[in-house]
Each structure stands twice: as C-alpha cells, then as structure tokens.
Ligand code: PEP
C-alpha cells in the first residue's frame with residue numbers, strides 16, 4: 001500500500017454556465033464532506049470565481065483547464081498563471097489530448113506551462129496518453145515516456161513530488177471504452193518508473209498518477225485500487241453529481 005492520497009478530479013470541459021457550476025459545487029460539497037480522497041473540479045475559466053467561493057472551507061479543490069505560460073502581454077483570449085493564482089485556483093490541467101488535438105498544445109508548451117503554474121503556487125495536472133494507432137503499433141510506452149520526460153524538464157524533485165500525472169489513453173476518452181485495470185496500471189507503472197529513472201525512488205513513490213478515460217461510478221473503485229493508480233481524471237461522469245460522488249468515494 002502506498003501512502004499517496006487518491007485524487008478524484010473532474011474535467012468538466014466546455015460544460016456548465018457559471019451559475020450552474022456554483023449550484024453543482026454547493027450540492028457536491030455536502031456529499032463529499034467526509035471523503036478521504038482529494039476531490040477536484042476542473043471548470044471553465046468563467047466558472048472559476050464562483051466555484052472557488054462556493055468551495056471555500058470544503059474539501060473540494062478547484063482546477064482550471066488551461067493556462068498561458070507567459071505572465072501577461074499581447075496574447076488575445078489567453079489567461080495567465082498569476083490571474084488564476086489570484087482567484088485562488090489550486091490545480092491547472094495541462095496537456096489534455098483535446099487541447100493537443102484542437103489547440104496545438106505540445107510537450108514543449110506543457111513544460112512551459114508547468115513551470116508557470118509552479119511559479120505561482122499552483123499544481124499542474126499533466127495529461128499524457130497514446131492514440132489507438134500508437135497502442136496497436138506497440139509504441140505506447142515510448143510515446144508516454146517521451147511526453148512525461150519533456151513535460152517535466154527542469155522541474156525540481158520537490159515539484160515532481162507534487163505534480164499529478166493523468167494517464168489518459170486517447171481511445172478511451174469519451175468513448176465509453178475504458179482501459180482494463182491491467183492496461184491502465186501497466187502504463188501508470190511505466191510513468192512511475194520513468195520518474196524513478198529521472199528523480200529517484202523517493203520522488204516516484206510520492207508522485208500521484210491518475211487514470212482517465214471513461215471512468216464511471218461502476219469501474220472507479222477497481223481502477224483506483226490498482227497499485228500504481230492514484231485516482232482518476234474524469235470527464236463525462238464528473239458532470240453528474242451522484243456518479244461523481246461515488247467516484248470521489250471510490
Ligand atoms: C477527460 O476528458 O479527461 C476524460 C477522461 O473524459 P471521459 O471520462 O469522458 O472519458
């Protein structure tokens with residue numbers, strides 16, 4: 001048994017208005033008041049102020065779903081780490097496969113974002129994962145190891161202990177096709193081993209690695225019980241309060 005605290009994080013993506021978000025978090029905080037896991041909601045930028053206020057004093061932490069790596073400047077439409085920190089945001093999800101696919105996120109920008117997030121006292125949730133073709137071609141381990149190595153470049157051992165990594169096979173995101181417990185655990189172990197090679201066992205034993213990809217109220221407990229899986233990054237099921245409550249307690 002590791003002493004890593006399970007972390008159940010919802011990724012709402014582009015769902016819920018600011019008022020719907022506050023209503024949801026007000027209801028969720030009662031339901032998860034006694035959970036041992038850390039509970040995180042990853043909400044759209046416009047929902048952040050209301051959700052941070054609603055979550056205050058509860059055991060719900062708040063995540064943004066993206067950030068720019070520069071502090072300020074001529075980057076129309078972007079939001080910086082000091083802006084998020086000023087709101088009281090705890091975590092920032094970076095490198096999500098949807099951002100890589102539709103918005104040009106790369107391993108290099110993920111790394112720059114990770115540095116900016118730490119500089120402003122927040123914690124990155126770094127997503128990685130292979131496509132179906134990569135899995136079928138047998139390059140999953142190489143691909144994920146490379147993503148992680150670049151994402152962590154230049155971070156200190158202390159920072160890597162705090163980082164949360166979300167292993168999300170792209171073929172399992174939003175498809176209802178969950179990786180088996182063994183498939184998910186195998187890649188999470190590969191990620192932990194990569195961190196061990198880079199930073200040593202002390203660090204790799206501390207870093208939390210989530211699985212994401214069609215996690216739901218039925219499969220969460222089994223997945224989270226695997227040796228190298230420390231919780232989940234949850235999309236669709238995190239929008240349903242009863243399902244997310246079950247996942248947070250898994
Ligand atoms: C995600 O968006 O990170 C995700 C894992 O989505 P879903 O749970 O819907 O597959």
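Note that Cβ sites are derived from N, Cα and C of the backbone, with glycine treated the same way.
Feature annotations, courtesy of TrEMBL:
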BINDING   11, 12, 13, 174, 214, 235, 236  substrate binding site
ACT_SITE  96  active site, electrophile
ACT_SITE  168  active site, proton acceptor
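Structure with TrEMBL features highlighted.
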{"residue": "11", "record": "substrate binding site", "DSSP (3 states)": "strand"}
{"residue": "96", "record": "active site, electrophile", "DSSP (3 states)": "coil"}
{"residue": "168", "record": "active site, proton acceptor", "DSSP (3 states)": "coil"}
{"residue": "174", "record": "substrate binding site", "DSSP (3 states)": "coil"}
{"residue": "214", "record": "substrate binding site", "DSSP (3 states)": "coil"}
{"residue": "235", "record": "substrate binding site", "DSSP (3 states)": "coil"}
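Cα spacing between residue 236 (substrate binding site) and the residue listed as 'active site, electrophile': 14 Å, rounded to the nearest whole number.
The highest number of surrounding Cβ atoms within 10 Å, among the binding-site residues 174, 235, 236, is found at 235. Counting only residues at least six positions away in the same chain, the Cβ atoms of 96, 97, 127, 128, 129, 211, 212, 213, 233 sit under 8 Å from the Cβ of the residue listed as 'active site, proton acceptor'. The Cβ of residue 96 (active site, electrophile) has 28 other Cβ atoms within 10 Å, all protein chains considered. Sequence-distant contacts (6 or more apart, same chain, Cβ under 8 Å) of residue 12 (substrate binding site) comprise 21, 41, 42, 43, 44, 47, 65, 238, 239.
Fewest other C-beta atoms within 10 angstroms, among the binding-site residues 11, 214, are seen around 214.
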